[in-house]
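Scroll down for the structure; my scribbles are underneath it.
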Amino acid sequence: MGFDCFLLWFNQLQKEAPTMLKHPFYKYSFFILLVVDIAYALGLIIANSAPFTAGSALAATVWFVTFYWVPVWSAAAVIFYLRNKHINKIAFEWLIAVVFMALGNVLTDIVLTQLFDGHKSMGVFVVFNGLLWGSCIYFTSIFIENKKRATAEKHALKQAQLATLRYQLNPHFMFNSLNTISAYIHTNPDLADEVLHELADILRYSLDTAEQQQIPLQQELTIIEKYLNIEKARFGDKLQVNYHIPNTLKNISLPPLLIQPIIENAIKHNAQQTSLILNITLSELPNGVKIQISDNGKGFSSEVIKHGHGSGVGMKNILKRVKQLGKGKVLLSNNNGAVVTLELTL
């Protein structure tokens, strides 16, 4: 009965082996163990002032195959198999590593005894060797796994925070856009239909670029133009937009939906202006680009300039997003109106 269970487990292990062997552990461990074996062999040769011979090479090969490579990969295969079955107790995995390393040491001892007449059996020392090497290799692997997992989780959290900051800016814009459509749906249905299509394009763009780190500037400008068309439907000739973008910068890429929220913030805080003029200016920096959005509105209060943002979520989220990206800064100032300067490292 016990032998049948072993055969069943072994057959299942064989089926899952190709998938398990794709795990990065196997690739990295092979080369690391090879380096350790070579370093150990060279260390013994240097310490004993012995010449490098064919026998030395054979002994080093035996050590690598029977003590390092086969036991480590075998232990890993069993551990990964058990993890796939949701059995992942650290103490149990450690015991597996120690047992396989001890068995590998026994096998190494037997092979070396058969190949070399002068080889002395290690006896019970194989247990100590298995305990030492099994513990070192297992806990080093666990440390590396945990570190990689923590890095991946940190990256995922950062991406989630960036996505949250992007989508927090949308409700105010959505509310105004729907109000505009509602206002014109009976009096000017063609304009309402146009605004609805522009809004749909912006929302589709927001979804399509959700996973993208960079998009072409021209693509971003197209969406900004669609957004401004919606705002012009609300404000008419009151809103004027001027672009100052040199040809040398038209092919750059930048994070998606980074400029639009700044423009939205400027329009929102100057909605009562008789005439609002927006200037969108791009200029080169030694290692990036400077994006400046200025208006002829009421400007920022001294408190907003001091803290870098007001009480609303708009500029707060822009600042947080740029900080999360880790490659830029936002500066607020006044010059016959509000000026937002975004410096990005590309």
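Glycine is no exception: its Cβ is also placed from the backbone N, Cα and C atoms.
Annotated features, as they stand in TrEMBL:
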DOMAIN    258-346  domain 'Histidine kinase'
TRANSMEM  25-46  transmembrane segment
TRANSMEM  58-82  transmembrane segment
TRANSMEM  94-116  transmembrane segment
TRANSMEM  122-144  transmembrane segment
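Taking the domain 'Histidine kinase' (258-346) as a whole, pLDDT averages 84 in the prediction. DSSP labels the residues of the domain 'Histidine kinase' (258-346) in these numbers: 28 helix, 33 strand, 28 coil.
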